[in-house]
Ligand code: ATP
Ligand code: MG
């Protein structure tokens, strides 16, 4: 069946009140951006919906791309007809005929938004439903549990006929709720946390701590690949790569094996917070999930979290690992996350990490390190390299070209 339009329904809950206009125009921009590779599409937006005319583009591919755009509730491939009963009947039959698997029951559902149309919903229900039944011998009506619901949406600009409703990603348009800094490791959880944050309308930048040369180049490449995948949803993501080796070595020298992860995480938060402030991010996001490992018990989260003064968002905190894995498969990060390269923290994992670290002891160690700790934190921030990831890969740095008088050759 060649449908000619996609009907996109925007997040309903956010459509009330004064923000509606802003939300709708922001969404239209995001949709156009996601579909930039299809210049033939044309758009029309009305009352929480966007009608996309395909003009020959591959509807299945366009639809699939739209399921990744945040702020979209549902999407339907539709056929548009004139306000003409025979045209509507023809389209209705074609839509039903094209449905797979072939249904044995259906019901009609008519919405007459444009009151200028001569037949009311009840009449249309009958006029079109009877036509479909007459021409489909094995089809019956079942109003309670139909296999297919054949819908007519009568609008001023035409009648839309369809029976498929595909769920969208939901959430808010990206960036509508500000910016946050994601602590991105190479594991399964933090990319999912990043996607969840973006779905809630947060633009993200990512920060990764590496202990090169103790951790390999592949470990960093893996994080770069994860950030690239997140850029599929976010368009463009800055990834800050922080050299963590010296700090980690200093912390390891304190001979407090069971507290090393706690100490490392606190330093990571300090650095992430400085980077966040530099780029105007108002929150930190991590992939912590309650009880998953020693550093994610309530006791550990308490002692670690106290270092941050920005809000610390942990979108996965109440989720089970299986739920997290399911999302990571859906968003396309799982295969990369399970590649076996060492993370900076796994290098130093002690035999028995503290599950309930003592805040005073931890603060005492940091206090004793004094300026040395502060200096290494500042050096790590200063030594941070930033790459910009797009869905296609690293964005080449645009170096300012030197003015002629600056040239020494
Ligand atoms: P993940 O799968 O995200 O690595 P995890 O279950 O392995 O999570 P941890 O390794 O204990 O958990 O890390 C908890 C959180 O701390 C991570 O989700 C991430 O947000 C942050 N984090 C850990 N290591 C790093 C790192 N090297 N760089 C940036 N953030 C990190
Ligand atoms: Mg990890």
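Counting begins at 1 with the first residue displayed.
From the backbone N, Cα and C atoms, a Cβ is placed for every residue, glycine too.
In TrEMBL, annotation is done automatically, which means it is predicted and not curated.
For reference, TrEMBL has these:
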| type | residues | note |
| --- | --- | --- |
| DOMAIN | 60-165 | domain 'THUMP' |
| BINDING | 183, 184, 208, 209, 265, 287, 296 | ATP binding site |
Local confidence of the prediction over the domain 'THUMP' (60-165), expressed as mean pLDDT: 95
Sparsest-packed among the binding-site residues, when each Cβ's other Cβ atoms within 10 Å are tallied, from 183, 184: 183
Largest tally of Cβ atoms lying within 10 Å of a Cβ, found at which of the binding-site residues 208, 265: 208
For the domain 'THUMP' (60-165), the number of residues DSSP places in helix, strand and coil: 36 helix, 33 strand, 37 coil
Chain-internal residues near residue 287 (ATP binding site), provided their CB is under 8 angstroms and they sit 6+ positions away: 183, 185, 187, 188, 189, 190, 191, 192, 193, 314, 316
Nonlocal neighbours by CB distance (under 8 Å) for residue 296 (ATP binding site), same chain, sequence gap 6 or more: 288, 289, 290
Reduced DSSP assignment, residue 265 (ATP binding site): helix
